[in-house]
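Take a look at the structure below.
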Amino acid sequence: MEEKAPNTEATRLRWQTIDEESGDTERPRLNRLNRSASYSSQSSGRNLKARTTVDPSLSLPIHYRTVSFEIDEAEALHQTKAAQIKSEIATDLSNLDWHTITVEELQKRWQVDASQGLSSEQVQRRLRQYGKNSLAALPHRWFWQIFGYFFKGFGAILLVGCVLVFVSWKPLGQPPSQANLALAIVLLAVFFIQAGFNAWQDWSSSRVMASITAMLPESCLVQRDGSQVTVDGPDIVPGDVVYLKAGNKLPADVRLIEVSNDASFDRSILTGESLPVHGTVDSTDDNYLETHCIGLQGTHCVSGNAKGIVVATADSTVFGGIAKLTNEPKTGLTTLEKEVLRFVLLIVLIMLTMIIVVVIVWATWLRVDHPDWINVPTLIVDCVSVAIAFIPEGLPIALTASLTITANLMRKNKILCKSLKTVETLGAVSVICSDKTGTLTRAGNKMFVTDCAMSTSTLTPESARDRMVMGGKASGVHQLRAAAALCNAAEFDASSSTLPLNERRIYGDATDQAILRFSESLGPVSELRQTWKMTYELPFNSKNKFMIRTFNAAQPNGYGLALSAAEAVQFRQSDSLLTIKGAPDILIERCTHTIGLDGNVEALDDHVRRKMLDVKDRWSSEGRRVILLARKILPAAEILVHPSSREFESEMMTQAKTGLVLVGLVGIVDPPREEIPDVIKTLRRAGIRIFMVTGDFGLTALAIARQCGIVTTEGTVDTVASLQRSTHIAEKIPPSTPSPAIVVSGPELMSLDDCQWDQLCQYQEIVFARTTPEQKLRIVREFRARDEIVGMTGDGVNDAPSLKAADIGIALGSGSDIAIEASDMVLLDSFSAVVEAVQYGRVVFDNLKKTIVYLLPAGSFSEFWPVFTNVMFGLPQVLSSFLMIIICCFTDCAAATVLAYEAPEADVLLRPPRKPKRDRLVNWKLVFHAYGILGMLESVASFAMAYWYLERSGIPFSALWFKFGAVPSNVDPDYYQARLNEASSIYFINLVVMQWFNLMAVRTRRLSIFQHPPAFNKDTQNLLLFPAIAFALCMAIFWLYVPPFQEVLDTSSVPAEHYFLPAAFGLGILCLDELRKAAVRRWPKGILARCAW
C-alpha cells in the first residue's frame, strides 16, 4: 500500500463560477495545510527529520504580504481573521523542504521515476487520497446577495412607494380606502416578484457563465506509465511528472527537475512583480516562496521549457492559501449597464421634478382653492403614481436577460464570452488585428514542407528522398534531415505511432511539426535523437527569431548521420554540435559555409548566397514560410562553461553569430482556412477592417493576405515610404491614393511619428509583418488612441500583452493558456465564428433598443398624462395607479423580455459598427420615436376611447373639465363612479391591445414585417412573442373581470368594441411604421432616415 506524502494536496486552479471581470467569481476556500513532518516509505520505512518552524513574518516576503492578500482595512474583524490565517499559511510554508532536497530524494519520497512517471494505479490511489485538483469554494455572502435581489433595479422605489401608500391607507386615510390598501399590497407583491426574478436571473446567468468556464480547455502534459499523455488539470495528483513550455499555466505547485537555460516564470499574479523569475533545478533561497526551483500554481511559464514533479495540489498550494484570504471581487457595472443607468437616472430626475411640481401645485393652488379635490392621502398616491408612470420597471430585467440569453446562444455556437461586458462590446468592434498562423491559416497537421533548397539546388520532399537513395549516407540530404530532426522541439505522440505520418499527433509548435514530419519522411527521427544527446536549448522567440540546440554524441555512429564525411572524421566525443533554425534574413549573414548536394562542406560565396536569397524571396512571394537550418561544430577546447550555467547562453549566442554552416532552406505551406475569404468579405461588408499581424516576412505575409482576401489589390501596395512625415499632412488620405493597401514591417513601425500613424490607420488593408509582441501592443494602442474599437486575435504566449490591451481579446481554443487567460473571448471552432460573435454583439444592442422603444410609450409616457391632467386640469384620473403597475410589471414585462430572442435583421452585418461615444443606447431619436410618436398616438387614442365612452354614458367632457371632482348635477354619484371605473379599464385595455402592434413594429428598425416575419420563417421567427401577447391578455382579463378585484381595485369589465377599436388603432400604428421604414429604405439620406432610431 502506498504511504502518505506530506502536505501535498494541490490542484490546478479552476474557478467554479462565472465572470471574473464583473466580480461574480466564487473563490475557493483553503483547507488547512497538513503540517505533519513525517513520511514513511514502502521501501525504506524511514522518517523525515522534523523541520524547524520560523517566524511567519520573516518567512513571508513583503510583496506577498502587501499585494497578494487584498484585505479591506475598514473591516477590522475580517482583517484580524485574515491575519491569523496568513500567519498559519506562512508557518506551514516554512515547514516545507521540497525546494531544498535533491531531485533523487524528491523522487524517492513520491515513489516516482521521472523518466516513467506515475503508474495508473498510483494515480487512482492518490486521487482518492488527495482528491481532485480543484480549489474549494468560499462561503457565499448570502445576505448581501439577497439584499441585492430586492433592492437593485427599482426595488427601493417600489418599497418606498408601497410604504407611502400603506400610510395613505392608514393612518392618514379618513376613511381608509380599500383601493389604496390593494395598491400597497400589489406594490409589495411586485417588490417580491422582482426579487424572485432577479434571483432566477442571477442563477441563470451563473449557470451560463459556469458552463462557459467549464468549456475552456484546461489540460497539462504529464509522464505516466512511461508515455507522455495529456490530462485535465483537476486530474493532476502529487508526484505527477509534468512538462511545461512557454505559454503554459502551472496546474499545481511544482519542483523543477529539468529546465532550459531560458526557462522563466511570471509570478505577477501572486507577487505583483512584473519581472519573470528564472527557473532553476537547485534551490536559490531557503524561503519556499523566494526560491527559483519551485513553480507556483496559477503562474505562467513565459519562456523556455521545464520538467517538474508536482509537490502540492488544490488548497495546499500557495495560490490555494492566498485565495482563501482574497476578498470576493465587487461586481462592477458594464458599459451598457452604465448607459442604461444614465438613462434611468434621467427618467428618475424627470420623475422627481414632476413630483415636486405636483406637490407645489397642490400646496399653492389646489389645497387652497379646491380643498376637497386632493387630500394628503390622495396626494401621496398621486406622487407614487407619477413615480410608477415614469419608471420602466421592466428595463433592468430585460437588460440582464438579453445579455445572458445572447451569451448562452454564443456558447451553443462554441463562442465563449468570459463576461457579459464582452457581449456588448462586440457590436462596436471596428478593427480586427488577426494573427496569421492557426487563425487565418490551418497550421497544425495541415502545415507541410513543400520544398527544400541546398546550395544552388531546390528539391521537393519526394526528390529529396530519391536523392538519399541514390547518394547514400554521403548525400547532403542526410544532413538536412538530421538538422531538421535535432533542432526541433516537437515530439511525436507515442500512442499514434501506428498511424500514417500525416495523421500522427505531434506536440509542439506548428512550424516544428511540419519540419519534424519532413525529417521523418526522410528517415526515422528516433534514430537521430538516440545517437545525439541534447545539452542545451534556446527556444525560438519572436525577438531573436531563431532556435538553438546543442548536442553531444551519445553514439559514434551518429557522426555520419549529421555531419559530412570529413567532419565526422575530425569530430571528437567531447566536442559539441550547435544546431540553429530560424529566419533566413537574420541567419544567412552568419553563415560562412554551406552543404552541397554531395554532402561536402563548401564556402558560401556571393553566388550561392544570392541564389539562396532569391529562393527565399520566391517562396515568400508564393506564401510559403521559409526556415533556414544551419549548424556549427564546437570543439571542447573552445567551450569553457558548462551547459547548466547561466553564462552558457551568452556563449552560445556568441558562437552563433558567425562561422555557421548553412545546411539548407525549407519552404512550408500554411494554407488559409477554406472559409476565411468569405469571413473577410462578410466582416468588410459590416464596416470592419481586418488587418494581418504576423511574424512572417513581408512577401510571405502579403501573399497569404491576398489568398485570405485581406489584401484585394492586385498591383503594388504601399510601403512605409508612402507615409509622409509632415505636420501639415491632411488628416485623411486623399481619395486619389493609388493603393488602399500597405505592408509595414515591425522595425519600421517603431520609427513612425504621430502624423504617419494617422495616415497608416486610415488604410483599409494593412499587413503588419515581422512584428514582435511589443510592436503588436503598439499597434493596438495606436488604433485605440484614434477611437477605434479593436479586436485582437492570438494564440501564443507572445500575444498576451496585445490581447489584454485590446477592447476585445480573442483567443482560439487551441491556443496557449496565457493567451486564453488574457483574452475576453475564446473561439472553440475557428476564426470564422467571429462573424457570428460580431452579429450577436450587434443584435444584443439592437434588441435592447427595441425593448426600450416598446416599454416607454405605454409604460411611461401614456401613464403620466392621466396623472398630469388630473392634477392640472381637474379631470378624473382615467388610468388608476394600480393598473399602471399592471402594465409595467405584468402585461408589458413578458413581451419586453422575449424581445431578447429576436433574430438579427437581414442588414445587421451591412451596417457600419456602432460608435460608442456617438451611438448611445438611448438618444434623442429613440426618445422622440417612443414619446413623440408612439407615446403620443397611444395616449391620444386611449384618452379618446375613455372620454368617448363617458360621452356615450351621458357624462360629456365639458362636465369634467376643471371640475376638480365635482359630480355633474344630473348624474347619480354611484353611476358616475362606475362609469369612471369603466373608463379607466378602457384606457388600460386600449394601451394593452395597442402594445401588441407596437411589439410587432419594434421588431425591426428598418426592415418591413414582411421581410422579417415573426412566424413561418426559421431565420426570423420569434414564436415566444405570441405566448407573451396571450399572457398580457390573460393578465388584463384577470385583473379586470374577477369580481373581488373589481370591487376592491375599482376595475371593471370592458365592452367588446373597446377590444376591436384599439386593435384598429394598433394596426394603424403598425402601418404608419411600415411606411416610415419604407421611406428610410428608399431614401437612406432623407430626413426620416436621419431621425430614425
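Cβ from N, Cα, C; glycine included.
As given in TrEMBL:
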| type | residues | note |
| --- | --- | --- |
| REGION | 1-52 | region 'Disordered' |
| DOMAIN | 97-170 | domain 'Cation-transporting P-type ATPase N-terminal' |
| TRANSMEM | 149-169 | transmembrane segment |
| TRANSMEM | 181-200 | transmembrane segment |
| TRANSMEM | 343-365 | transmembrane segment |
| TRANSMEM | 385-410 | transmembrane segment |
| TRANSMEM | 852-873 | transmembrane segment |
| TRANSMEM | 879-901 | transmembrane segment |
| TRANSMEM | 922-950 | transmembrane segment |
| TRANSMEM | 985-1002 | transmembrane segment |
| TRANSMEM | 1023-1042 | transmembrane segment |
| TRANSMEM | 1058-1075 | transmembrane segment |
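Averaged across the domain 'Cation-transporting P-type ATPase N-terminal' (97-170), pLDDT for the predicted model comes to 85. Each of 343-365, 852-873, 879-901 was scored by its Cβ pairs under 8 Å to the transmembrane segment (385-410), and the highest score goes to 879-901. In this chain, the transmembrane segment (879-901) touches the transmembrane segment (1023-1042); three or more CB pairs sit within less than 8 A of each other, excluding pairs fewer than 6 residues apart. Taking every recorded stretch in 149-169, 343-365, 1058-1075 and counting its Cβ pairs under 8 Å to the transmembrane segment (985-1002), the highest total belongs to 1058-1075.
Between the transmembrane segment (181-200) and the stretches 149-169, 343-365, 879-901, 1058-1075, the greatest number of Cβ pairs separated by less than 8 Å involves 149-169. Across the domain 'Cation-transporting P-type ATPase N-terminal' (97-170), DSSP helix (H, G, I), strand (E, B) and coil residues number 44 helix, 1 strand, 29 coil.
Long-range contacts of the transmembrane segment (149-169) within its own chain (CB-CB distance under 8 A, at least 6 residues past either end) are made by residues 176-177, 180-181, 183-184, 187-188, 190-191, 194-196, 198-199, 202, 348, 376-378, 380-381, 383-384, 387-388, 391, 393, 396-397. Residues 157, 374, 379, 382-383, 386-387, 390-392, 395-396, 852, 860, 864, 867-868, 871-872, 921-922 of the same chain lie 6+ residues outside the transmembrane segment (343-365) yet bring a C-beta within less than 8 angstroms of a C-beta in it.
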